[in-house]
Amino acid sequence: MLLCFRVLVIHSRFHSKDTAGFELISGSCPPYFQKYRHPQLDYFVGVLATLVSTEFYSLVLPLLFWHGQTKLARQLTLLMATCIYVGNCVKDVVCAPRPPPPVHRVVSSGTEETSAEEYGLPSSHTINIICFAGYVLHYLNGQLVEPRAFATTAVLFTIVVLLVISGRLYLGMHSPIDVLAGCTIGTVLLLCWCCIDEYLDAYVTSGENVVTFWAAIAILALYAYPTPESPTPSFEYHTAFNGVAFGIVSGVRRTFSHYPSELASELPLAPAHIGLKTALGIVTIFAAKEGSKYLATIFLPFLCSLLETLFGFRFRSTSYVKSMRKGVEDGTKASVEKFGGATKTFCKIDDPMDVDTGIRSVQYATMGWAVVELVPCVFSLFAL
């Protein structure tokens, strides 16, 4: 069914020009929003797009952990990891291209340039902003928040969500059908998450065999990820957030009984104190990330060589380990299935495994663990 849908989208974008309305939906003509292009507006919309970027999550989620909102931070981390996995899986299964010319694609930042290398349907920015903003409002609704403050927050979040979604059309990164698919998937994920969040949080904080179970889920998610027609950064994004989620779960399970409670957010803190904790925490987690990356590039290749010798597994590295770099096509067998002009590559199980996936998982898992265990220890050491 996904393959048929993919063929329909590709056909609509490149071959259907019968009516202006159908072209607008499929992305075959310039979106209405691009009629109002302006350099300052390009910059503003590009900045809005960073609200669902990896850099944004790397800053905001740790702040929630370190300043008292640990439950919200746990849920948002796991929810965003799920959104990225689902959205990127659908992208790499459908393999629908970004809107073609005459749509003008505006790349206003390095993040957008990388995002443009992914496939188009669905819009992952749309999925992520709906789930992020929607879950924050769901969480606040269950807290002792004044009705007027909650209403104001809901209005502001709604405006931001609409601006981010319309910004995907303005920047030419997605067609209306991409955004519609993103809205549908994001809404379904949000509703499902709001039904299971309390059960999931109870399991993560006080369940049995949590780390083992989550490790199995993380490994399964990596191996179950679909292979797209052409290489995209989607799998790297999933690997990073998958690792962070595992690190967070591991750290929370070990330190939950000792971690500051939600009441810590009510303690009066001077801006200088908050700034110092934030700066020290950011430096610590990135130092842990780079240190684990260095160690992983030493030990994982050795382990791979041992497995290759004993069991005949084959490994390669696309970037991290120079001695293991091989051409992507080297020793790779694939079959291509054609359907309606669309192609899909199915990799055989004897393809060499990429050790970079393991290295990337280790460094981001360390980063997640550092946020919830190492950084609080550093804070205690400096009496912060």
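Along the chain as shown, the residues are counted starting at 1.
Note that Cβ sites are derived from N, Cα and C of the backbone, with glycine treated the same way.
Just so you know, TrEMBL annotations are computer predictions that nobody has curated.
Taken from TrEMBL, the feature transmembrane segment applies to 43-66, 149-171, 177-196, 208-225, 294-315. As annotated by TrEMBL, domain 'Phosphatidic acid phosphatase type 2/haloperoxidase' applies to 73-194.
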Within-chain partners of the transmembrane segment (177-196) [C-beta distance under 8 Å, separation at least 6 from its ends]: 9, 12, 25-27, 75, 79, 82-83, 86-87, 90, 96, 99, 120-131, 134-135, 138, 165, 168-169
With DSSP as the yardstick, break the domain 'Phosphatidic acid phosphatase type 2/haloperoxidase' (73-194) down into helix, strand and coil residue counts. 89 helix, 0 strand, 33 coil
Residues of the same chain, at least six outside the transmembrane segment (43-66), with any C-beta under 8 angstroms of its C-beta? 72-73, 76-77, 80, 106, 108-109, 111-112, 115, 124-125, 128-129, 132, 160, 163-164, 167-168, 170-171, 237, 240-241, 277-278, 281-282, 285, 371-372, 375-376, 379
